[in-house]
Amino acid sequence: MTNIRKSHPLMKIVNNAFIDLPAPSNISSWWNFGSLLGICLILQILTGLFLAMHYTSDTTTAFASVTHICRDVNYGWIIRYMHANGASMFFICLYMHVGRGLYYGSYTFLETWNIGVILLFTVMATAFMGYVLPWGQMSFWGATVITNLLSAIPYIGTNLVEWIWGGFSVDKATLTRFFAFHFILPFIIAALAMIHLLFLHETGSNNPTGISSDMDKIPFHPYYTIKDILGALLLILALMMLVLFAPDLLGDPDNYTPANPLNTPPHIKPEWYFLFAYAILRSIPNKLGGVLALVLSILILILMPLLHTSKQRSMMFRPLSQCLFWILVANLLTLTWIGGQPVEHPYIIIGQLASIMYFFLILVLMPTASMIENNLLKW
């Protein structure tokens, strides 16, 4: 008799994806972040669902409804802070996951990589719209500043912005539609994640060496299920430490002031996970140029397979490329710091230099280093 998990139409899919899946025997903890992202997404959908039961997407009551959730709803405070800090954990896992892909050359799986970049954009859009919902000062002004960037698009810009706003400013219509989009997008993300996984399982996972591991596979269960459970426990530990000991550590105090269109906060800045892109946006004194740089800072990931000039896939045995990779990481951390600073000397010039360095590293230095390494190995 055949095993039900191998014969049942639904269980067969689960079996082939999570149980009998042939996995490389040498994948490190950097390969844990895929499953952690799945856990983050499920957690965000569940906490978000319970928040949506008590939230009202009306400009007059949105702020009060969030206060009501924290004060009056049973365990509302923990649900709210798990959702807010869950987003931070989500982005930490996302950036680690992308970094792993860059380091070990996983971008050579073209379909998987491109779906991944689309996923990154979708998650960023969802997080941005979610930040607008509490209708605090930073919610309102963040929404105003970021949506207003679209007015830099020639000819159709102004019409486009007013169409997104649903009026002549960020108002009730904007908040309502942002809530609608914020609710629906995570389900689209879940569908995209399944497609991401579908394409990945066509080729099988990459591994730290970047060499084919077809001759040395092990079943996903129990080896990697237990490893993923450990990762999940550490993720939940980190999240709950944030939620229970420092729930507002990563937030902005301005968002505890209700939105006021007549009073602009002294410093408008997004959540920490967008600061690097915000720094790139601000480093260019031209509006359209800034918007293009902002979009390209993420869209450049699409070009990674084209910029791969090395004869080796992974950076594991490429010291020069490794060095440049970690310089890129340091550069992104610098941009993140600059994005949170006021627009004044010396932060302006540091931001401009870091922005130039970001694109120069990816477009010029890393491909050149790869070619130098090829020559050194006489390949």
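Glycine is no exception: its Cβ is also placed from the backbone N, Cα and C atoms.
Per Swiss-Prot, the features are:
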type	residues	note
BINDING	His83, His182	heme b b562 binding site
BINDING	His97, His196	heme b b566 binding site
BINDING	His201	ubiquinone binding site
TRANSMEM	33-53	transmembrane segment
TRANSMEM	77-98	transmembrane segment
TRANSMEM	113-133	transmembrane segment
TRANSMEM	178-198	transmembrane segment
TRANSMEM	226-246	transmembrane segment
TRANSMEM	288-308	transmembrane segment
TRANSMEM	320-340	transmembrane segment
TRANSMEM	347-367	transmembrane segment
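Mapped onto this structure are the features recorded in Swiss-Prot.
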residue	record	contacts (Cβ under 8 Å, 6+ apart)
His83	heme b b562 binding site	Gln44, Thr47, Gly48, Leu51
His97	heme b b566 binding site	Phe33, Gly34, Leu37
His182	heme b b562 binding site	Gly48, Thr126, Met129, Gly130, Leu133
His196	heme b b566 binding site	Thr112, Ile115, Gly116, Leu119
His201	ubiquinone binding site	Asn16, Ala17, Leu21
Problem set entry | Top partner of the transmembrane segment (347-367) among 77-98, 113-133, 226-246, 320-340 - counted as Cβ pairs under 8 Å | 320-340
Exercise. Is the transmembrane segment (320-340) in contact with the transmembrane segment (77-98), using three or more Cβ pairs under 8 angstroms as the rule and ignoring pairs under 6 apart in sequence?
Worked result: no
